[in-house]
Amino acid sequence: MLNAAGGAGCDPSSPTATSPMRILILLLAAALAGAFTLFAFAPYRLFWLMPLCLAALVELLQREPRRAFWLGYAWGLGAYVSNFRWIYDSLHDVAGLPAWIAAPLVLLLPAYLALYPGLASWLACRIDPRPGVRWLLAFPAAWELGEWLRGWVMTGFPWGAAGYSQITESPLAGYAPLGGIHLVNYLVALSAAALAMLARAGMRQRIGILIAAALAWGSGVWLRDIEWTTPAGKPITVALAQGNIAQELKWSPENLENSLLTYYRQVAMTRADLMILPETALPLFLDDLPSGYLSMMRGEASRAGMALASGIPRRTDDGRGYLNSVVALSDPKMPYYAKDHLVPFGEFVPLPGLIGWIYQHMDMPLSGFTRGGADQPPLTLAGQKVAFNVCYEDSFGEELIGPASRAGMLANVSNLAWFGKSEAMSQHLQLSQARSLETGRYMLRATNNGMTAIIRPDGEISAVAAPFTAQVLTGFAQSRQGLTPYMRFGNLPVVLGCGALLLLALLLGWRRRGQH
């Protein structure tokens, strides 16, 4: 089985037989290298660990190229089980799914996602597993194309891509406004391939690799100093509410009054130009709010001269569905943004006839949202055009290009109480930092229990609220104008460039075989 899927014929010099124990050790080593990537991401942010963990995979691939797919798959499985272990918290601890169902489901997503590093490893070894120019062309390009496909196929799940580990501490983060997170992915993989080559290279090659690495990483430092967008108008004061409502209480009828009062009091005590409440902060449909509540909220906002927006479920205009929306409550017309990129299994149920029975064991209200539609206009609040995205939507950089180009700032509303006290909320904050860097715009994050934050256009955090506390985070933000190179061209240059590099690696191989 291993031989059949591992790309036989990659390396004629490989032994024809390998002991099962050696194969097992190699697979475990790959999985362990993948698992350690957890510490490259937030909250640990050891960005230098990602190229090292990926270089460990490269070393294993060059030792045993015939098992390339399985080594890449083991690396991916270790990485995604480690990074997404919070899935168990959301399924078992919060949604109430029995452990005997939750535990296997935790492995399903990593088992699927690991296919992409497996296929990327197989493809690179199929082209040429030996350290050299063709490997440097093939491996990083194959890896990035795998990451791109992972973020696109079956609605996509780009969370945990290697490039996010570089946001914002690494010099490579400077490339995000240039080519987005996918260019950073590519450079991480290129760094890993070059790092693994150092051990086998001659002195002249080592010097060349080190000079190239210094130029690439040093250029990232220079790119970080470029201001890709410019201020527009005056700064405004912003207030971001964090209600800290436990997920098991959020939709409870007994806790409804407490939830509504929590956010009313936060609005009443706040003085700012713009205030944003988190995703589904008001746990009722808009037209089901208690009589007078909306007037009270508007009254407090009006007295403070404050624009107010809140996450709240809203029925579709035809009444047949419902939307995960953000409504401008202070505007009598109540314009809204409705989430378009829904979370599979969380906000809609794929294949309900096949897996619908699982939801009978779960406490998961509102799991059948309707998409809001693409190209929704930004909301105008406090004289600013604000492009909203809801929770998981800020995982998709290219989808935010259009909204960001029509707006002066970005805002994300989220409810991360689903994931308990895990790394999920810190990882999600890092995604938002990447979006700020890519678009050169402020990102205002209002979350239920963390990480509520104000992120500057350079991706750095201006202010952040302590998680698991009820508070209102205040600070300043300013609209920006102009487009970063990534906003102009999107992912296409990186994807086409990686395809061209793979083709070049193949052509060089054919040329070499022709000469012999």
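Cβ coordinates come from backbone N, Cα and C, glycine included.
The transmembrane segment annotation in Swiss-Prot covers 23-43, 68-88, 94-114, 135-155, 178-198, 489-509. Residues or ranges marked as domain 'CN hydrolase' by Swiss-Prot on the basis of sequence analysis: 241-481. As annotated by Swiss-Prot, active site, proton acceptor applies to GLU279, with the evidence given as sequence analysis. Taken from Swiss-Prot, the feature active site covers LYS339. Per Swiss-Prot, the feature active site, nucleophile maps to CYS391; the stated evidence is sequence analysis.
Separating the Cα atoms of CYS391 (active site, nucleophile) and GLU279 (active site, proton acceptor) is a whole-number distance of 7 Å. Cα-Cα distance from LYS339 (active site) to GLU279 (active site, proton acceptor): 10 Å (rounded to the nearest whole number). It is 135-155 that, among the stretches 23-43, 94-114, 135-155, forms the most Cβ pairs under 8 Å with the transmembrane segment (178-198). Averaged across the domain 'CN hydrolase' (241-481), pLDDT for the predicted model comes to 91.
LYS339 (active site) has a Cβ environment of 25 other Cβ atoms inside 10 Å. Within the same chain, residues at least six positions away from GLU279 (active site, proton acceptor) with a Cβ under 8 Å of its Cβ are GLY311, ASN324, VAL326, VAL390, CYS391, VAL413, SER414, ASN415, THR447, ASN448. Within its own chain, the transmembrane segment (489-509) is flanked in space by residues 123, 127-128, 133-134, 137-138, 140-142, 144-145, 148, 179-180, 182-183, 186, 397-398, 401, which lie at least six positions past its ends and keep a Cβ under 8 Å from the stretch. The Cβ neighbour count for the residue listed as 'active site, nucleophile', using a 10 Å radius over every protein chain in view, is 25.
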